[in-house]
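Here the structure is laid out as structure tokens; the discussion comes afterwards.
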Amino acid sequence: MRSALAGDLLDALDMQAAVLDARGTIVAVNGAWKRFASANQGDRSTYYVGSNYLDVCEAAARRASGAGAQAVLNGIRSVMRGERERCTIEYPCDAPTQRRCFVVHVARFRHEGADYIGLVHEEITARKQAEERLQEAEATLRKVLEALPIGVWIMDREGHIIHGNSAGKRIWAGALYVGPEQFGEYKGWWLSNGRRIAADEWAATRAIRKGETSIDEEIRIECFDGTSKIILNSAVPLRDAAGTISGAIIVNQDITRRKAAEEQLRRATATVDAMNRELQEVLAREQDNARTDELTGVSNRRRFFELAEPMFAAAQRSCTPFSVLLFDIDDFKRCNDLFGHQVGDAVLRRVADIAREHTRGADLLARYGGEEFVVALPETDAEGAMTVAEHIRQGIAASRLRAGDREIGVTISGGVAEMQVGDDTLDRLIRRADQALYAAKDAGRNCIRPHAAEDGG
Ligand SMILES: Nc1nc2c(ncn2[C@@H]2O[C@H](COP(=O)(O)OP(=O)(O)OP(=O)(O)O)[C@@H](O)[C@H]2O)c(=O)[nH]1
């Protein structure tokens, strides 16, 4: 009953099973064995009961592709000789259409006082083909990894490096095959704050221990030859079919040169910016100097016209009053002659200061030329301008300047003109103020005159 059951089981198996006696004669075969034998050799099969399997193997071993048969023969003989109880031999077999692969399990057993050898041939062609395809895919993957300009590391669950490509080894100047517990031995610093990366902070450790994915973390590393580099460090956890973390892929990109170039560019840009700012300041100073009277610090004639022309035009458009005061220092030639040019310069500065004190922010005071000054007074009629002019005149007349042991006093004469209907240019207005100034000089100096019709203009 038991042996019938075992026989049925062997027949139901897809694997070819046979029993040899101590001399190698086939004494029993299962259904799969028969099917294989008849499919390959037909009725004349030497694989059937009664044939000597050792002879079959020897004949096959003599053929050109007989290495597999020889290996099987050696295995069976060694089990027969009692050198081992059982063995497993993998061998290829050239079938008419394709090379097939088998593994034969050989085991010795005793039955009713006699020694027998049991053989089970298991076909592993599909597995072998899958393995070959896998090996080919792995070889391709390795070639791709080698061709990549970025470092790629594959780590197992324990954090041991199981593969590192050439670019990766170049980046680190070698590789240290440590586990995550020794990750602190790698020297790295966060680029953002310069802090040393702790053992559990490495992207690889976080990928393996916490399943974290990190992309392009900028870090500075100390390589194994003592040099340092700036790299982009990324890590992705690897998971098996059950979703358990089985390792990690780490990617390093050397950006040392790029960073150096960026830094150079940043410095160059900063230098250019600083130079540009300096240049702008120099230009602004130059422009300011070109429009400021060096001696008195008030606007010069050029700036006066640049600023007063638009004031005049605005007053014309808005029909608001606009006046001009023109004044000069009385008998200034004598002052120069008596006290010298330097004292004359000091007088000019003093006069400008007093005039500045008595004008509003909206008024425009300028040195018109020599000892002559001009004030543009927007939104001011002749009366208002006369008041301002009087304040200036009185302020100057009341001031005294020390020159050695003498005190100098000067006076001014001035003319005021207000914009009138028909005044098409600022020049025309100034001309009228000049005529009023002449009138003031004629009137005996140290006074201000508003322009009058009889003055002309
Ligand atoms: N110290 C000094 N003198 C100047 C400057 N610019 C012009 N002057 C002098 O100012 C004097 C002007 O003289 P004038 O035009 O004859 O007029 P004035 O002597 O003031 O006589 P009135 O204007 O008629 O009162 C000249 O002696 C010029 O040399 C300057 O920048 N510094």
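Using the three backbone atoms N, Cα and C, a Cβ is placed for every residue, glycine included.
Quick look at what TrEMBL lists:
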type: COILED; residues: 120-147; note: coiled coil
type: DOMAIN; residues: 215-267; note: domain 'PAC'
type: COILED; residues: 258-285; note: coiled coil
type: DOMAIN; residues: 320-453; note: domain 'GGDEF'
Secondary structure composition of the domain 'PAC' (215-267) [DSSP: H/G/I, E/B, coil]: 12 helix, 30 strand, 11 coil
Counts of helix, strand and coil residues, the domain 'GGDEF' (320-453), according to DSSP: 60 helix, 37 strand, 37 coil
Average pLDDT across the domain 'PAC' (215-267), rounded to a whole number: 95
